[in-house]
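Undergrad: I grabbed these lines from Swiss-Prot:
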MOD_RES   Ser82  phosphoserine
MOD_RES   Ser155  phosphoserine
MOD_RES   Ser167  phosphoserine
MOD_RES   Ser173  phosphoserine
REGION    189-214  region 'Disordered'
COMPBIAS  191-210  compositional bias 'Low complexity'
MOD_RES   Ser210  phosphoserine
MOD_RES   Thr213  phosphothreonine
MOD_RES   Thr215  phosphothreonine
MOD_RES   Ser217  phosphoserine
DOMAIN    222-341  domain 'C2 1'
DOMAIN    343-470  domain 'C2 2'
Amino acid sequence: MAAEFIKSCCRGCLYGETEKQKFSVDRDFKASASSSQNTIGIPPLTSVLVKPQVGCNEDYLLSKLPCDGKEVQFVVPRFKLSYIQPRTQGIPSHLDELEGSARASFGDQKTELCSSFYHGPSYDVYNPCYMYQHFSPDLSRRFLPHCETKQLYGSVCDLRTSKLPGSSGLSKSMLDLTTSSQRFIQRHDSFSSVPSSSSSRKNSQGSNRSLDTITLSGDERDLGRLNVKLFYNSSAEQIWITVLQCRDISWPSSYGDTPTISIKGILTLSKPVHFKSSAKEGSNAIEFMETFVFAIKLQNLQAVRLAFKIQTQTPKKKTIGECSLSLRTLSTQEMEYSLEIIAPSKISVCQAELELGTCFQAVNSRIQLQILEAQYLPSSSTPLTLSFFVKVGMFSSGELIYKKKTRLLKASSGRVKWGETMIFPLIQTEKEIVFLIKLYSRSSVRRKHFVGQLWISEDSNNIEAVNQWKETITNPEKVVIKWHKLNPS
């Protein structure tokens with residue numbers, strides 16, 4: 001019915017305009033003929049001025065008709081509701097442009113599509129920047145329902161996202177940075193890998209096992225602590241190393257109840273200095289109380305590390321644990337350290353350290369990360385020197401937001417100085433901010449080798465990283481610089 005009505009209206013308008021035009025032409029011709037007796041040099045009819053017609057005339061429409069006289073099918077197009085999402089949501093100026101009815105119909109249609117199309121983590125079907133990704137059932141269980149689908153923020157529009165009315169920018173951003181939760185502490189093998197939850201993992205058969213039910217291996221058990229005391233005598237240029245005691249040490253059950261245990265120390269100079277304590281009978285708290293003195297200049301000591309190896313002498317000589325500390329803070333003031341003993345590594349242990357600077361710029365809503373220097377870097381097995389670079393990834397709620405890297409520089413005497421500054425913008429929706437910093441080496445054959453990594457967050461397993469993050473967040477605009485030992489995994 002609607003199609004026939006519109007068709008008849010179009011025909012009526014077309015033929016009405018044609019008859020009107022013919023009548024006006026006849027009237028002009030009769031008037032000119034009656035006045036031809038008194039007028040000389042009447043111009044032809046074709047030269048009479050006619051008001052230009054707006055739109056299409058009859059001849060144009062008739063020329064488009066088929067030559068065989070077939071009837072042209074007139075089809076009424078189906079109209080659908082459409083809506084173009086503004087670039088910035090939540091601004092009243094954009095919302096006022098929509099009428100109430102259109103806004104209501106859009107909201108109803110959006111709710112219907114969201115509820116019928118996908119029953120998982122919420123996302124915006126009208127967001128033109130959204131890219132659909134398939135989530136396996138296991139991954140959908142790992143992420144909480146309130147996690148929103150995020151994108152890699154790189155455009156100017158994203159970086160200048162406006163705040164909602166009535167929100168306090170500084171207090172809100174500081175709250176997001178400081179209130180991180182344990183449920184999003186995850187491990188990433190690389191920037192492109194899928195994060196694995198710390199609460200459960202899948203074995204090779206695909207079954208989930210809680211960490212509480214997994215038996216810890218020898219590399220994961222707490223192997224005790226070694227207490228030492230350091231002092232530097234500036235007048236005699238001597239370092240005094242006192243091995244105090246070893247507590248809560250564990251050893252293989254095949255070694256019996258009371259094996260004899262000794263401590264071996266190494267000053268990692270260009271020509272290493274070794275020393276060894278006397279053997280003591282194994283117990284829960286082994287008292288050594290032995291002091292070792294070496295005449296070495298302070299500036300040489302502050303560039304090396306002091307490593308310890310815990311060894312059994314009877315019934316079998318074997319290294320059951322090791323630990324180390326940096327002598328950078330060595331001074332004339334006597335300091336006592338409690339070192340955590342870890343399982344001995346079958347490969348060379350990563351001793352690399354990285355100097356980082358952080359600054360929370362609350363006014364500009366961004367975090368400034370400085371990659372300053374690295375030391376104790378591994379040496380090459382070939383005469384050619386290695387080159388090093390650092391990769392930095394910023395995660396929010398377990399998802400990668402930004403990734404950057406430094407330039408490639410050659411090492412000199414086991415040290416590299418970058419002095420580079422990276423800027424990471426923040427927005428209101430980003431929570432549980434975590435930085436993953438990885439150090440890589442590159443050989444002459446362009447092969448990349450992983451050296452070590454460091455997590456900087458409130459829940460990092462590195463105490464220095466936790467302290468630096470807390471000091472950065474609680475003191476905006478202050479640059480906090482600290483050295484960190486990299487973890488090999």
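Each Cβ is built from the backbone N, Cα and C atoms, and glycine gets one as well.
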Undergrad: With DSSP as the reference, give the number of residues of the domain 'C2 2' (343-470) in helix, strand and coil.
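TA: DSSP composition of the domain 'C2 2' (343-470): 8 helix, 69 strand, 51 coil.
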Undergrad: How do the residues of the domain 'C2 1' (222-341) split into helix, strand and coil according to DSSP?
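TA: Summed by class, the stretch gives 7 helix, 69 strand, 44 coil.
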Undergrad: Averaged over the whole of the domain 'C2 2' (343-470), what is the pLDDT?
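TA: Here the predicted model's pLDDT, averaged over the domain 'C2 2' (343-470), is 87.
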